[in-house]
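This report refers to the structure that appears directly beneath it.
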Amino acid sequence: MNTGRGVGRVVVLSGPSAVGKSTVVRCLRERIPDLYFSVSATTRAPRPGEVDGVDYSFVTPEAFQQLIDDGALLEWAEIHGGLHRSGTPARPVREATVAGRPVLIEVDLAGARAVKQAMPEALSVFLAPPSWEVLERRLVGRGTETPDVMSRRLDTARTELAAQSDFDVVVVNSQLESACSELVSLLVGHTSAGTNPA
């Protein structure tokens with residue numbers, strides 16, 4: 001049902017591992033009650049504290065392949081050199097935008113490019129660290145990956161940082177509150193089909 005607000009704004013959020021995407025997303029969900037947060041399907045194992053259907057939809061590789069075969073994903077990609085796959089279910093995103101809700105899609109770099117290609121009206125936002133040193137410290141401090149996986153994540157982060165100019169907006173996550181406020185403005189301050197102020 002359309003709320004009369006026009007089509008909801010779609011913001012595609014990306015950035016390197018450990019830049020604080022999950023923390024920023026939690027802040028946005030608290031500050032924007034009507035926000036539709038796209039829950040990605042993934043074949044990776046849950047991290048401590050992650051909830052199936054809330055943080056991600058954790059699926060088997062076979063179930064993920066079926067989603068691809070059915071054309072049910074807006075985008076999908078192999079992550080960190082093929083360690084796992086992740087993708088965005090298309091139908092819930094489209095339903096939320098038609099209902100006039102702001103939509104947040106958190107994806108990796110390849111996913112952001114694919115969503116932007118499929119939905120050119122979406123606003124792509126890169127969440128950047130204050131510096132490489134801060135990002136490296138955050139990644140290593142997590143302690144959730146093996147040294148080999150950590151090396152891959154650092155390589156991926158370098159690639160992603162180099163591509164931030166491909167995004168519509170770059171938000172530096174030096175302080176949570178300012179990063180969250182900037183993203184709130186982007187999500188609720190714009191609609192792709194709203195009234196034009198006189």
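Any Cβ shown, glycine's included, is placed from N, Cα and C.
Database features, via Swiss-Prot:
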BINDING   G15, P16, S17, A18, V19, G20, K21, S22  ATP binding site
DOMAIN    8-188  domain 'Guanylate kinase-like'
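For the binding-site residues shown (G15, P16, G20), fewest C-beta neighbours within 10 angstroms: G20. Around the Cβ of K21 (ATP binding site), the same chain contributes L13, S14, G15, E106, L127, each under 8 angstroms and 6 or more positions distant in sequence. Neighbours of V19 (ATP binding site), defined as other CB atoms within 10 A of its CB across all chains, total 26. Looking at the domain 'Guanylate kinase-like' (8-188) alone, the prediction's average pLDDT is 90.
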